[in-house]
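Take a look at the structure below.
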Amino acid sequence: MSSFNLIGGSAIVGLLCLLYSLHFSQASVHDYSAEKFASKGNVFVVHGGSEGIYSSAPNLNQSSSNADSFIRFEKIIFRRPEEFSNFSSGSIHAVVFEVDDRETIGGSAYGGQRAVCCTADLAKLGVCKQGEIIHRPSTNNHGWPRVFGASFGIDELEAKLQPRTLHITKTGMYNVYFMHCDPNLKEVVVEGKTVWKNPTGYLPGRMAPLMKFYGYMSLAFVLLGIFWFSQYARFWREVLALQNCITLVITLGMFEMALWYFDYAEFNETGVRPTGITVWAVTFGAVKRTVARLIILMVSMGYGVVRPTLGGLTSKVLLLGGTFFLASEVLELVENVGTVSDFSGKARLFFGLPVAILDAFFILWIFTSLSATLNKLQARRLLAKLDIYRRFTNALAVTVIVSVGWVCYELYFKSTDVYNERWQNAWIISAFWQVLSFALLCVICALWAPSQNSMRYAYSDDSEEFDKDMTLTLIKPSPLPTKDVRSPSDMKSTPGGDGTSNLGDVVEDKTE
(Lines of atoms letter the chains of each structure in order from A and count residues from 1; the text may use other names and numbers.)
(Lines give C-alpha, C1' and ligand atoms only; values in the text may rest on other atoms or scores of the structure.)
Protein backbone atom coordinates (compact mmCIF):
# COMPACT_ATOMS: atom_id res chain seq x y z
CA MET A 1 0.00 0.00 0.00
CA SER A 2 2.91 2.31 0.67
CA SER A 3 3.80 2.09 -3.01
CA PHE A 4 0.55 3.79 -3.91
CA ASN A 5 0.50 7.58 -3.71
CA LEU A 6 -3.02 8.96 -4.00
CA ILE A 7 -1.94 12.44 -5.00
CA GLY A 8 -4.40 15.26 -4.47
CA GLY A 9 -4.78 17.81 -7.16
CA SER A 10 -6.00 15.76 -10.03
CA ALA A 11 -4.84 17.45 -13.21
CA ILE A 12 -7.90 16.29 -15.12
CA VAL A 13 -10.36 17.64 -12.57
CA GLY A 14 -8.40 20.87 -12.44
CA LEU A 15 -8.58 21.09 -16.22
CA LEU A 16 -12.34 20.49 -16.13
CA CYS A 17 -12.81 23.29 -13.61
CA LEU A 18 -10.69 25.59 -15.75
CA LEU A 19 -12.60 24.76 -18.93
CA TYR A 20 -16.01 25.29 -17.41
CA SER A 21 -15.38 28.03 -14.86
CA LEU A 22 -15.79 30.70 -17.54
CA HIS A 23 -18.92 29.13 -18.99
CA PHE A 24 -21.19 28.91 -15.94
CA SER A 25 -24.91 28.82 -16.46
CA GLN A 26 -26.86 31.91 -15.47
CA ALA A 27 -29.78 29.92 -14.19
CA SER A 28 -30.20 28.37 -10.76
CA VAL A 29 -32.44 25.80 -12.40
CA HIS A 30 -30.04 23.90 -14.64
CA ASP A 31 -31.91 21.93 -17.29
CA TYR A 32 -30.26 19.03 -19.12
CA SER A 33 -31.79 18.13 -22.46
CA ALA A 34 -30.06 15.14 -24.01
CA GLU A 35 -26.61 16.33 -22.94
CA LYS A 36 -23.86 14.11 -24.35
CA PHE A 37 -20.79 12.97 -22.45
CA ALA A 38 -17.41 14.28 -23.58
CA SER A 39 -14.14 12.42 -23.19
CA LYS A 40 -11.61 14.06 -20.84
CA GLY A 41 -8.60 11.87 -20.16
CA ASN A 42 -9.87 8.46 -19.09
CA VAL A 43 -13.28 9.75 -17.97
CA PHE A 44 -16.46 10.80 -19.78
CA VAL A 45 -18.14 13.89 -18.35
CA VAL A 46 -21.12 16.24 -18.60
CA HIS A 47 -20.76 19.51 -16.75
CA GLY A 48 -23.87 19.98 -14.63
CA GLY A 49 -23.17 23.50 -13.42
CA SER A 50 -20.96 25.70 -11.23
CA GLU A 51 -22.28 28.28 -8.81
CA GLY A 52 -21.18 30.14 -5.74
CA ILE A 53 -23.40 29.18 -2.82
CA TYR A 54 -23.51 30.75 0.62
CA SER A 55 -24.10 28.47 3.58
CA SER A 56 -27.43 28.68 5.35
CA ALA A 57 -27.45 31.55 7.82
CA PRO A 58 -27.16 30.13 11.35
CA ASN A 59 -29.68 32.58 12.81
CA LEU A 60 -32.44 31.46 10.45
CA ASN A 61 -34.90 28.67 11.11
CA GLN A 62 -33.37 25.71 9.33
CA SER A 63 -36.74 23.99 9.14
CA SER A 64 -37.83 26.63 6.66
CA SER A 65 -36.93 25.94 3.05
CA ASN A 66 -36.39 29.67 2.52
CA ALA A 67 -33.45 29.57 4.93
CA ASP A 68 -31.73 26.62 3.28
CA SER A 69 -28.90 26.54 0.77
CA PHE A 70 -29.03 23.40 -1.30
CA ILE A 71 -28.46 21.61 -4.59
CA ARG A 72 -31.42 19.42 -5.51
CA PHE A 73 -31.40 16.71 -8.18
CA GLU A 74 -34.79 16.26 -9.88
CA LYS A 75 -35.77 13.67 -12.50
CA ILE A 76 -32.21 12.94 -13.60
CA ILE A 77 -32.37 10.19 -16.23
CA PHE A 78 -29.55 8.62 -18.24
CA ARG A 79 -30.70 7.28 -21.62
CA ARG A 80 -28.93 5.04 -24.13
CA PRO A 81 -29.89 3.89 -27.63
CA GLU A 82 -31.59 0.50 -28.01
CA GLU A 83 -28.71 -0.92 -30.05
CA PHE A 84 -26.40 -0.35 -27.07
CA SER A 85 -28.70 -1.89 -24.46
CA ASN A 86 -27.66 -5.56 -24.60
CA PHE A 87 -25.35 -5.35 -21.58
CA SER A 88 -25.38 -4.22 -17.97
CA SER A 89 -23.13 -1.31 -17.14
CA GLY A 90 -21.14 0.17 -14.35
CA SER A 91 -22.36 3.22 -12.49
CA ILE A 92 -22.82 6.63 -14.02
CA HIS A 93 -21.89 8.96 -11.20
CA ALA A 94 -23.01 12.39 -10.10
CA VAL A 95 -20.01 14.08 -8.49
CA VAL A 96 -20.54 17.22 -6.40
CA PHE A 97 -17.59 19.05 -4.84
CA GLU A 98 -16.53 22.48 -3.64
CA VAL A 99 -13.72 24.03 -5.67
CA ASP A 100 -11.30 23.90 -2.72
CA ASP A 101 -11.81 20.11 -2.66
CA ARG A 102 -11.03 19.56 -6.34
CA GLU A 103 -7.86 17.73 -5.36
CA THR A 104 -9.90 15.02 -3.67
CA ILE A 105 -11.10 13.76 -7.05
CA GLY A 106 -8.67 11.51 -8.93
CA GLY A 107 -5.19 10.25 -8.12
CA SER A 108 -2.20 8.33 -9.46
CA ALA A 109 -0.04 5.33 -8.69
CA TYR A 110 3.69 5.75 -8.07
CA GLY A 111 3.47 9.43 -8.93
CA GLY A 112 2.55 8.65 -12.53
CA GLN A 113 -0.14 10.08 -14.74
CA ARG A 114 -3.19 11.23 -12.79
CA ALA A 115 -6.56 9.77 -13.57
CA VAL A 116 -10.17 10.25 -12.46
CA CYS A 117 -11.26 6.68 -13.20
CA CYS A 118 -9.63 3.79 -11.33
CA THR A 119 -7.11 2.12 -13.62
CA ALA A 120 -6.10 -1.55 -13.74
CA ASP A 121 -2.83 -0.79 -11.92
CA LEU A 122 -4.67 0.95 -9.10
CA ALA A 123 -7.25 -1.84 -8.92
CA LYS A 124 -4.45 -4.44 -8.53
CA LEU A 125 -3.18 -2.48 -5.56
CA GLY A 126 -6.61 -2.83 -3.99
CA VAL A 127 -7.17 0.84 -3.38
CA CYS A 128 -10.14 1.26 -5.70
CA LYS A 129 -12.45 -0.73 -7.92
CA GLN A 130 -11.70 -0.60 -11.65
CA GLY A 131 -14.21 1.53 -13.53
CA GLU A 132 -15.17 3.60 -10.48
CA ILE A 133 -14.46 7.26 -9.79
CA ILE A 134 -11.44 7.87 -7.54
CA HIS A 135 -12.28 10.16 -4.63
CA ARG A 136 -11.30 10.62 -1.04
CA PRO A 137 -12.94 12.57 1.86
CA SER A 138 -12.25 16.27 2.21
CA THR A 139 -10.34 17.41 5.28
CA ASN A 140 -12.03 20.84 5.21
CA ASN A 141 -15.65 19.98 4.46
CA HIS A 142 -16.97 16.95 6.30
CA GLY A 143 -19.00 14.56 4.16
CA TRP A 144 -17.76 15.97 0.87
CA PRO A 145 -17.33 15.40 -2.02
CA ARG A 146 -20.64 13.65 -2.71
CA VAL A 147 -20.51 10.79 -5.22
CA PHE A 148 -23.58 8.72 -6.12
CA GLY A 149 -24.93 7.15 -9.25
CA ALA A 150 -27.11 4.75 -11.21
CA SER A 151 -26.43 1.89 -13.62
CA PHE A 152 -28.10 0.14 -16.56
CA GLY A 153 -29.36 -3.44 -16.40
CA ILE A 154 -29.44 -5.66 -19.46
CA ASP A 155 -31.86 -4.29 -22.12
CA GLU A 156 -32.63 -1.25 -20.00
CA LEU A 157 -32.78 2.02 -21.94
CA GLU A 158 -33.00 4.27 -18.89
CA ALA A 159 -31.17 4.56 -15.60
CA LYS A 160 -32.75 6.92 -13.07
CA LEU A 161 -30.85 8.82 -10.43
CA GLN A 162 -32.75 8.91 -7.17
CA PRO A 163 -33.97 12.43 -6.31
CA ARG A 164 -32.01 13.97 -3.46
CA THR A 165 -31.20 17.30 -1.88
CA LEU A 166 -27.69 18.22 -0.78
CA HIS A 167 -27.71 20.89 1.92
CA ILE A 168 -24.84 23.35 1.81
CA THR A 169 -23.18 24.03 5.17
CA LYS A 170 -20.02 25.72 3.89
CA THR A 171 -19.83 28.77 1.64
CA GLY A 172 -18.00 27.99 -1.60
CA MET A 173 -18.01 27.52 -5.36
CA TYR A 174 -19.75 24.19 -5.99
CA ASN A 175 -19.47 22.07 -9.11
CA VAL A 176 -21.65 19.27 -10.43
CA TYR A 177 -20.35 16.73 -12.95
CA PHE A 178 -21.89 13.58 -14.34
CA MET A 179 -19.13 11.04 -14.99
CA HIS A 180 -18.65 7.48 -16.11
CA CYS A 181 -15.65 5.35 -17.04
CA ASP A 182 -17.21 2.90 -19.52
CA PRO A 183 -16.37 3.53 -23.23
CA ASN A 184 -19.43 1.43 -24.15
CA LEU A 185 -21.64 4.17 -22.69
CA LYS A 186 -20.37 6.92 -24.95
CA GLU A 187 -23.83 7.30 -26.56
CA VAL A 188 -25.56 7.90 -23.22
CA VAL A 189 -27.26 11.27 -22.70
CA VAL A 190 -28.43 13.10 -19.56
CA GLU A 191 -31.90 14.56 -19.01
CA GLY A 192 -33.49 16.29 -16.03
CA LYS A 193 -32.53 19.26 -13.90
CA THR A 194 -30.77 20.46 -10.79
CA VAL A 195 -31.97 23.32 -8.61
CA TRP A 196 -29.42 25.52 -6.81
CA LYS A 197 -30.45 27.85 -4.00
CA ASN A 198 -28.85 30.42 -1.73
CA PRO A 199 -30.31 31.55 1.63
CA THR A 200 -31.69 34.74 0.05
CA GLY A 201 -33.08 33.17 -3.13
CA TYR A 202 -32.15 31.48 -6.38
CA LEU A 203 -29.66 34.04 -7.66
CA PRO A 204 -26.20 32.49 -8.10
CA GLY A 205 -23.89 33.66 -5.34
CA ARG A 206 -21.65 35.71 -7.60
CA MET A 207 -24.68 37.57 -8.97
CA ALA A 208 -26.61 38.04 -5.71
CA PRO A 209 -24.97 41.38 -4.77
CA LEU A 210 -25.89 42.82 -8.17
CA MET A 211 -29.58 42.97 -7.27
CA LYS A 212 -28.87 45.41 -4.42
CA PHE A 213 -26.33 47.22 -6.57
CA TYR A 214 -28.86 47.93 -9.33
CA GLY A 215 -31.36 49.00 -6.69
CA TYR A 216 -28.90 51.62 -5.45
CA MET A 217 -28.03 52.61 -9.03
CA SER A 218 -31.73 53.13 -9.77
CA LEU A 219 -31.93 55.45 -6.76
CA ALA A 220 -28.81 57.31 -7.91
CA PHE A 221 -30.29 57.88 -11.38
CA VAL A 222 -33.53 59.10 -9.80
CA LEU A 223 -31.62 61.67 -7.72
CA LEU A 224 -29.64 62.78 -10.78
CA GLY A 225 -32.88 62.98 -12.75
CA ILE A 226 -34.52 65.14 -10.07
CA PHE A 227 -31.61 67.59 -10.19
CA TRP A 228 -31.47 67.67 -13.98
CA PHE A 229 -35.21 67.90 -14.65
CA SER A 230 -35.64 70.63 -12.03
CA GLN A 231 -32.96 72.69 -13.77
CA TYR A 232 -34.51 71.85 -17.13
CA ALA A 233 -37.96 73.06 -15.98
CA ARG A 234 -36.57 76.30 -14.51
CA PHE A 235 -34.59 77.33 -17.58
CA TRP A 236 -36.46 75.59 -20.39
CA ARG A 237 -36.23 78.71 -22.57
CA GLU A 238 -32.43 78.56 -22.39
CA VAL A 239 -32.12 74.81 -23.13
CA LEU A 240 -29.66 73.75 -25.84
CA ALA A 241 -29.92 70.78 -28.20
CA LEU A 242 -27.01 69.20 -26.32
CA GLN A 243 -28.94 69.38 -23.06
CA ASN A 244 -31.88 67.62 -24.69
CA CYS A 245 -29.53 64.78 -25.61
CA ILE A 246 -28.27 64.57 -22.01
CA THR A 247 -31.89 64.37 -20.86
CA LEU A 248 -32.36 61.39 -23.16
CA VAL A 249 -29.30 59.63 -21.70
CA ILE A 250 -30.52 60.15 -18.12
CA THR A 251 -33.96 58.80 -19.02
CA LEU A 252 -32.48 55.73 -20.71
CA GLY A 253 -30.24 55.15 -17.68
CA MET A 254 -33.20 55.27 -15.30
CA PHE A 255 -35.05 52.66 -17.35
CA GLU A 256 -31.95 50.48 -17.73
CA MET A 257 -31.17 50.36 -14.00
CA ALA A 258 -34.80 49.68 -13.09
CA LEU A 259 -35.05 46.87 -15.64
CA TRP A 260 -31.83 45.23 -14.42
CA TYR A 261 -33.13 45.37 -10.85
CA PHE A 262 -36.43 43.73 -11.81
CA ASP A 263 -34.53 41.21 -13.92
CA TYR A 264 -32.44 40.07 -10.95
CA ALA A 265 -35.42 40.20 -8.57
CA GLU A 266 -37.43 37.90 -10.85
CA PHE A 267 -34.43 35.62 -11.29
CA ASN A 268 -34.02 35.46 -7.52
CA GLU A 269 -37.66 34.46 -7.05
CA THR A 270 -37.99 31.79 -9.72
CA GLY A 271 -34.46 30.54 -10.45
CA VAL A 272 -35.00 31.14 -14.18
CA ARG A 273 -33.88 34.34 -15.85
CA PRO A 274 -36.84 36.27 -17.39
CA THR A 275 -35.94 36.55 -21.05
CA GLY A 276 -38.27 39.44 -21.84
CA ILE A 277 -37.02 41.74 -19.07
CA THR A 278 -33.42 40.82 -19.82
CA VAL A 279 -33.78 41.68 -23.51
CA TRP A 280 -35.32 45.06 -22.68
CA ALA A 281 -32.61 45.82 -20.10
CA VAL A 282 -29.89 44.89 -22.59
CA THR A 283 -31.50 47.01 -25.34
CA PHE A 284 -31.93 50.10 -23.17
CA GLY A 285 -28.33 49.72 -22.02
CA ALA A 286 -27.02 49.40 -25.58
CA VAL A 287 -29.01 52.45 -26.72
CA LYS A 288 -27.80 54.46 -23.73
CA ARG A 289 -24.15 53.60 -24.32
CA THR A 290 -24.47 54.42 -28.02
CA VAL A 291 -26.20 57.77 -27.48
CA ALA A 292 -23.72 58.71 -24.73
CA ARG A 293 -20.74 58.05 -27.00
CA LEU A 294 -22.30 59.97 -29.87
CA ILE A 295 -23.01 62.95 -27.60
CA ILE A 296 -19.43 63.00 -26.34
CA LEU A 297 -18.15 62.76 -29.90
CA MET A 298 -20.40 65.57 -31.16
CA VAL A 299 -19.49 67.81 -28.21
CA SER A 300 -15.82 67.10 -28.90
CA MET A 301 -16.34 68.21 -32.49
CA GLY A 302 -17.78 71.48 -31.21
CA TYR A 303 -21.33 70.80 -32.40
CA GLY A 304 -23.60 73.58 -31.17
CA VAL A 305 -20.64 75.52 -29.76
CA VAL A 306 -18.26 76.44 -32.58
CA ARG A 307 -20.17 74.89 -35.48
CA PRO A 308 -23.94 74.78 -36.12
CA THR A 309 -23.91 71.34 -37.82
CA LEU A 310 -21.58 68.42 -38.34
CA GLY A 311 -21.76 68.92 -42.10
CA GLY A 312 -20.37 66.01 -44.09
CA LEU A 313 -19.40 64.14 -40.90
CA THR A 314 -23.01 63.45 -39.94
CA SER A 315 -23.30 60.24 -41.96
CA LYS A 316 -19.97 58.94 -40.64
CA VAL A 317 -20.96 59.65 -37.03
CA LEU A 318 -24.33 57.91 -37.49
CA LEU A 319 -22.67 54.94 -39.19
CA LEU A 320 -20.23 54.53 -36.31
CA GLY A 321 -23.06 54.81 -33.79
CA GLY A 322 -25.24 52.27 -35.59
CA THR A 323 -22.37 49.80 -35.89
CA PHE A 324 -21.52 50.16 -32.21
CA PHE A 325 -25.16 49.64 -31.20
CA LEU A 326 -25.44 46.41 -33.18
CA ALA A 327 -22.14 45.03 -31.87
CA SER A 328 -22.97 45.97 -28.28
CA GLU A 329 -26.51 44.58 -28.50
CA VAL A 330 -25.34 41.23 -29.86
CA LEU A 331 -22.61 40.91 -27.20
CA GLU A 332 -24.97 41.73 -24.33
CA LEU A 333 -27.69 39.40 -25.61
CA VAL A 334 -25.24 36.53 -25.90
CA GLU A 335 -23.83 37.18 -22.43
CA ASN A 336 -27.08 37.74 -20.56
CA VAL A 337 -29.94 35.95 -22.32
CA GLY A 338 -30.17 32.21 -21.75
CA THR A 339 -27.02 30.60 -20.39
CA VAL A 340 -23.42 31.67 -20.60
CA SER A 341 -22.38 28.08 -21.20
CA ASP A 342 -24.21 28.15 -24.54
CA PHE A 343 -21.12 29.64 -26.20
CA SER A 344 -17.40 29.06 -25.82
CA GLY A 345 -14.62 31.41 -24.83
CA LYS A 346 -13.69 31.87 -28.49
CA ALA A 347 -17.25 32.91 -29.27
CA ARG A 348 -17.19 35.43 -26.43
CA LEU A 349 -13.95 36.87 -27.80
CA PHE A 350 -15.47 36.92 -31.28
CA PHE A 351 -18.43 39.01 -30.12
CA GLY A 352 -16.46 41.19 -27.69
CA LEU A 353 -13.61 42.14 -30.02
CA PRO A 354 -15.70 44.36 -32.36
CA VAL A 355 -17.03 46.33 -29.37
CA ALA A 356 -13.50 46.88 -28.05
CA ILE A 357 -12.26 48.03 -31.48
CA LEU A 358 -15.19 50.42 -31.93
CA ASP A 359 -14.64 51.82 -28.43
CA ALA A 360 -10.99 52.45 -29.25
CA PHE A 361 -12.03 54.21 -32.46
CA PHE A 362 -14.48 56.39 -30.49
CA ILE A 363 -11.72 57.38 -28.04
CA LEU A 364 -9.29 58.23 -30.82
CA TRP A 365 -11.83 60.31 -32.74
CA ILE A 366 -13.04 62.08 -29.57
CA PHE A 367 -9.62 63.24 -28.45
CA THR A 368 -8.57 64.22 -31.97
CA SER A 369 -11.72 66.34 -32.29
CA LEU A 370 -11.25 67.82 -28.82
CA SER A 371 -7.75 68.96 -29.71
CA ALA A 372 -9.02 70.75 -32.81
CA THR A 373 -11.93 72.35 -30.93
CA LEU A 374 -9.70 73.59 -28.12
CA ASN A 375 -7.35 75.16 -30.66
CA LYS A 376 -10.27 76.96 -32.33
CA LEU A 377 -11.61 78.28 -29.03
CA GLN A 378 -8.17 79.45 -27.98
CA ALA A 379 -7.56 81.18 -31.33
CA ARG A 380 -10.90 82.98 -31.09
CA ARG A 381 -10.31 83.81 -27.43
CA LEU A 382 -13.73 82.47 -26.39
CA LEU A 383 -12.63 82.12 -22.80
CA ALA A 384 -15.88 80.87 -21.21
CA LYS A 385 -16.28 78.07 -23.76
CA LEU A 386 -12.58 77.26 -23.60
CA ASP A 387 -12.77 76.84 -19.83
CA ILE A 388 -15.69 74.41 -19.96
CA TYR A 389 -14.05 72.41 -22.74
CA ARG A 390 -10.84 72.11 -20.76
CA ARG A 391 -12.77 70.73 -17.80
CA PHE A 392 -14.59 68.35 -20.13
CA THR A 393 -11.28 67.18 -21.60
CA ASN A 394 -9.80 66.60 -18.16
CA ALA A 395 -12.82 64.52 -17.12
CA LEU A 396 -12.56 62.38 -20.24
CA ALA A 397 -8.81 61.92 -19.78
CA VAL A 398 -9.27 60.77 -16.19
CA THR A 399 -12.04 58.38 -17.29
CA VAL A 400 -9.84 56.83 -19.98
CA ILE A 401 -6.89 56.44 -17.61
CA VAL A 402 -9.06 54.83 -14.94
CA SER A 403 -10.64 52.55 -17.57
CA VAL A 404 -7.26 51.33 -18.82
CA GLY A 405 -6.14 50.70 -15.24
CA TRP A 406 -9.30 48.75 -14.48
CA VAL A 407 -8.96 46.66 -17.63
CA CYS A 408 -5.45 45.69 -16.49
CA TYR A 409 -6.80 44.80 -13.05
CA GLU A 410 -9.64 42.79 -14.60
CA LEU A 411 -7.18 40.80 -16.71
CA TYR A 412 -5.06 40.17 -13.61
CA PHE A 413 -8.12 39.16 -11.57
CA LYS A 414 -9.33 36.66 -14.15
CA SER A 415 -5.90 35.25 -14.94
CA THR A 416 -5.13 34.58 -11.27
CA ASP A 417 -8.57 33.19 -10.42
CA VAL A 418 -8.89 30.36 -12.92
CA TYR A 419 -11.06 28.26 -10.58
CA ASN A 420 -13.34 31.17 -9.52
CA GLU A 421 -12.22 30.93 -5.91
CA ARG A 422 -12.75 34.69 -5.52
CA TRP A 423 -16.29 34.47 -6.83
CA GLN A 424 -17.70 36.58 -3.98
CA ASN A 425 -15.90 39.65 -5.39
CA ALA A 426 -16.53 38.92 -9.08
CA TRP A 427 -19.63 41.14 -9.21
CA ILE A 428 -17.44 44.22 -8.70
CA ILE A 429 -15.95 43.76 -12.20
CA SER A 430 -19.20 44.52 -14.01
CA ALA A 431 -20.49 46.96 -11.37
CA PHE A 432 -17.41 49.17 -11.74
CA TRP A 433 -18.20 50.05 -15.36
CA GLN A 434 -21.70 51.16 -14.40
CA VAL A 435 -20.31 53.36 -11.62
CA LEU A 436 -17.65 54.87 -13.90
CA SER A 437 -20.11 55.73 -16.67
CA PHE A 438 -22.52 57.22 -14.11
CA ALA A 439 -19.71 59.34 -12.63
CA LEU A 440 -18.82 60.70 -16.08
CA LEU A 441 -22.49 61.45 -16.72
CA CYS A 442 -22.65 63.40 -13.45
CA VAL A 443 -19.61 65.45 -14.50
CA ILE A 444 -21.21 66.22 -17.86
CA CYS A 445 -24.46 67.20 -16.13
CA ALA A 446 -22.55 69.55 -13.82
CA LEU A 447 -20.71 71.17 -16.74
CA TRP A 448 -23.71 71.54 -19.07
CA ALA A 449 -26.60 71.93 -16.62
CA PRO A 450 -29.40 74.23 -17.85
CA SER A 451 -29.06 77.72 -16.40
CA GLN A 452 -29.82 81.34 -17.24
CA ASN A 453 -26.38 81.55 -18.86
CA SER A 454 -26.74 78.41 -21.00
CA MET A 455 -26.99 80.35 -24.25
CA ARG A 456 -23.52 81.82 -23.87
CA TYR A 457 -22.13 78.32 -24.56
CA ALA A 458 -24.22 77.95 -27.73
CA TYR A 459 -23.05 78.53 -31.28
CA SER A 460 -23.43 82.17 -32.33
CA ASP A 461 -22.94 83.93 -35.67
CA ASP A 462 -21.26 86.76 -33.76
CA SER A 463 -18.30 84.58 -32.95
CA GLU A 464 -17.99 83.66 -36.63
CA GLU A 465 -18.12 87.33 -37.68
CA PHE A 466 -15.57 88.11 -35.02
CA ASP A 467 -13.28 85.46 -36.41
CA LYS A 468 -13.75 86.80 -39.93
CA ASP A 469 -13.01 90.39 -38.84
CA MET A 470 -9.88 89.28 -37.03
CA THR A 471 -8.66 87.49 -40.15
CA LEU A 472 -9.29 90.48 -42.43
CA THR A 473 -7.55 92.80 -39.99
CA LEU A 474 -4.46 90.64 -40.07
CA ILE A 475 -4.20 90.48 -43.87
CA LYS A 476 -5.28 93.96 -45.06
CA PRO A 477 -2.43 96.46 -45.77
CA SER A 478 -1.84 99.45 -43.52
CA PRO A 479 -3.14 102.78 -44.92
CA LEU A 480 -0.62 105.32 -46.22
CA PRO A 481 0.16 108.10 -43.76
CA THR A 482 -1.49 111.45 -44.52
CA LYS A 483 -1.59 114.85 -43.01
CA ASP A 484 -4.84 113.96 -41.32
CA VAL A 485 -3.30 111.12 -39.35
CA ARG A 486 -4.70 111.14 -35.84
CA SER A 487 -2.95 110.14 -32.70
CA PRO A 488 -3.88 106.91 -30.90
CA SER A 489 -5.53 108.93 -28.17
CA ASP A 490 -7.76 110.64 -30.76
CA MET A 491 -8.69 107.32 -32.30
CA LYS A 492 -9.80 105.93 -28.93
CA SER A 493 -11.92 108.98 -28.26
CA THR A 494 -13.61 108.99 -31.69
CA PRO A 495 -17.08 107.36 -31.60
CA GLY A 496 -17.49 104.55 -34.07
CA GLY A 497 -13.78 104.49 -34.90
CA ASP A 498 -11.76 101.32 -35.42
CA GLY A 499 -10.38 101.57 -31.91
CA THR A 500 -13.86 101.48 -30.43
CA SER A 501 -14.83 98.61 -32.69
CA ASN A 502 -11.84 96.51 -31.71
CA LEU A 503 -12.30 97.34 -28.04
CA GLY A 504 -15.93 96.33 -28.29
CA ASP A 505 -14.94 93.03 -29.84
CA VAL A 506 -12.53 92.33 -27.02
CA VAL A 507 -15.13 93.20 -24.40
CA GLU A 508 -17.67 91.00 -26.18
CA ASP A 509 -15.14 88.19 -26.34
CA LYS A 510 -14.40 88.40 -22.62
CA THR A 511 -18.13 88.29 -21.97
CA GLU A 512 -18.24 85.05 -23.96
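Numbers here mean position along the shown chain, with the first residue as 1.
Using N, Cα and C of the backbone, Cβ positions are placed for all residues, glycine too.
Annotation comment: TrEMBL describes 1-27 as signal peptide.
Annotation source TrEMBL lists domain 'GOST seven transmembrane' at 209-454.
Per TrEMBL, transmembrane segment is recorded for 213-229 (among others).
Marked as transmembrane segment by TrEMBL: 241-262 (among others).
Counting residues 6+ beyond its ends, the transmembrane segment (277-296) has Cβ neighbours under 8 Å at 242, 245-246, 248-249, 252-253, 255-256, 259-260, 262-263, 266, 317, 321, 324-325, 328-329, 332-333, 336-337, 362, 366, 396, 437, 441, 444 in the same chain. The transmembrane segment feature in TrEMBL is assigned to 277-296 (among others).
Within the chain carrying the transmembrane segment (308-327), a Cβ under 8 angstroms from the stretch's Cβ atoms is held by residues 286-287, 289-291, 293-294, 297-298, 301, 351, 354-355, 358-359, 361-362, 365, 459, all 6 or more beyond its ends. The annotation transmembrane segment is assigned in TrEMBL to 308-327 (among others).
With a threshold of 8 Å between CB atoms, the same-chain residues lying at least 6 positions outside the transmembrane segment (347-367) that come near it are 22, 293, 296-297, 300, 320, 323-324, 327-328, 330-331, 334-335, 396, 400. The transmembrane segment annotation in TrEMBL covers 347-367 (among others).
Residues or ranges marked as transmembrane segment by TrEMBL: 388-407 (among others).
Residues or ranges marked as transmembrane segment in TrEMBL: 427-449 (among others).
If you look up TrEMBL, you'll see 475-512 marked as region 'Disordered'.
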